[in-house]
Amino acid sequence: MGRPATPQQTAFHIPFPRAISPDVSAVHPGSMAWLRRHGMLRSDASARRVDGWRLTELAGRFFPDARGEDLRLGADVMGFFFLFDDQFDHPGGLRAEAVAVSKRLLHLTSLPAGPAPEGAGPVVAAWADLWNRSCQGMSSAWRVRAAREWRRYFVGNLEESVAREGMSGESVEDYLRLRAMTIGTTPVYDLCERTQHFEIPDEVLHSHHVQAMRDLATEIVVLCNDVASTIKESARGETLNAVLLLERHHEAERGPAVARVQRMVEARLAAFRRLRDRTSRTCAALDLTAEQCDRVDRYVRTALMSVVRGNYDWQQRSARFSADDARPGSLPGYLDDLVGHSGVVGPPPVDGS
């Protein structure tokens, strides 16, 4: 086998079945319209760029059993994730406006689902809409843990922005711990339940067994993404990328660094499969019913495995990782400034105000 034409085409053997919702094409126009309606897409150029990222396809791969409005919700969340993430990619570092919006989002996660506050701006209003829709039909326990994962994500973006300016000597392991907060997989795992109409029993979700599987799945996604985005992030002078960290730490050439990341993925896949094969023992030890065990199995298949496999299949096709999509490091990573027009003035309101 010859070398891939680009890092984006690097092969990973993901031993999980390929799956995708049949409703991807049907929900795509509505999802793009939602992004425009909420001010997340402000120009035709941005719309063309996002269209090339194939985010509705990503949702279809992440949530293969989702249909109709459930898949639309998943697609809208994908649009939010990527457009919000890019707001932190600024040549001047972490912007005060991004911090202000993040604080407002963090405040909302502590409140019951409801309409966005007046004058919230596009990012906050869009997330409030997503959160309202996400909570529909879900238990209070799910809402509590889903809000917690969103908080970790919002805080993680701030931490990553600070680390981006100084993380050059840290190990790949340190980097992975930080990136696990911002890659967005843990809110997605929760959304897998919401869009596919089930909930994993709390007692097994919080077991070391399932938490270890979640951590492994997240690290696999991070590492695969880092390989695919190597050229794009190198061109922007990015430091938070496993391949680029290995090049600096070990003075490795690009090829050997990519090969090492491939081995890291293989090791994590092997560990994941060992845990998956022992899941029934954990269910038995927790004295779960047959119906509860079925939900655990579904979580493993249509949340963890579908995210790992779906991410890999998508990243090989998405323009998100192409060199053509990259902007010079002297420019922001976004086309539309969504937080500079946020309308947020001062700190978020205190509880009860």
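Using the three backbone atoms N, Cα and C, a Cβ is placed for every residue, glycine included.
Record features, source Swiss-Prot:
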type	residues	note
BINDING	D85, D89	Mg(2+) 1 binding site
BINDING	D89	Mg(2+) 2 binding site
BINDING	R179, K232, R320, F321	substrate binding site
BINDING	N225, S229, E233	Mg(2+) 3 binding site
MOTIF	85-89	motif 'DDXXD motif'
SITE	F82	site 'Plays a critical role in the stabilization of intermediate cation'
SITE	D86	site 'Plays a critical role for substrate recognition'
SITE	E160	site 'Plays a critical role for substrate recognition'
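The structure, with features from Swiss-Prot marked on it.
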residue: F82; record: site 'Plays a critical role in the stabilization of intermediate cation'; contacts (Cβ under 8 Å, 6+ apart): V50, W53, L55, R320
residue: D85; record: Mg(2+) 1 binding site; contacts (Cβ under 8 Å, 6+ apart): N157, T182, G184
residue: D86; record: site 'Plays a critical role for substrate recognition'; contacts (Cβ under 8 Å, 6+ apart): P332, G333, Y334
residue: D89; record: Mg(2+) 1 binding site; contacts (Cβ under 8 Å, 6+ apart): R236, P332, G333, Y334
residue: E160; record: site 'Plays a critical role for substrate recognition'; contacts (Cβ under 8 Å, 6+ apart): F88, L178, R179, M181, T182, L240
residue: N225; record: Mg(2+) 3 binding site; contacts (Cβ under 8 Å, 6+ apart): I183, N311, Q315, F321
residue: S229; record: Mg(2+) 3 binding site; contacts (Cβ under 8 Å, 6+ apart): P7, Q8, N241, R320, F321
residue: E233; record: Mg(2+) 3 binding site; contacts (Cβ under 8 Å, 6+ apart): D226, L240, N241, L244
Other parts of the chain folded back onto the motif 'DDXXD motif' (85-89), taken as Cβ under 8 Å at six or more residues beyond its ends: 95, 98, 101, 123, 157-158, 160-161, 182, 184, 236, 332-334, 337-339
In the chain carrying K232 (substrate binding site), residues 6 or more apart in sequence that have Cβ under 8 angstroms from it: F321, S322, A323, D325, A326
Other residues, Cβ within 8 Å of N225, S229, E233 Cβ centroid (Mg(2+) 3 site): D226, V227, A228, T230, K232, E238, N241, F321
Secondary structure of K232 (substrate binding site) (DSSP, helix/strand/coil): helix
Taken over the motif 'DDXXD motif' (85-89), the model's mean pLDDT: 94
Coarse DSSP state, helix versus strand versus coil, of E160 (site 'Plays a critical role for substrate recognition'): helix
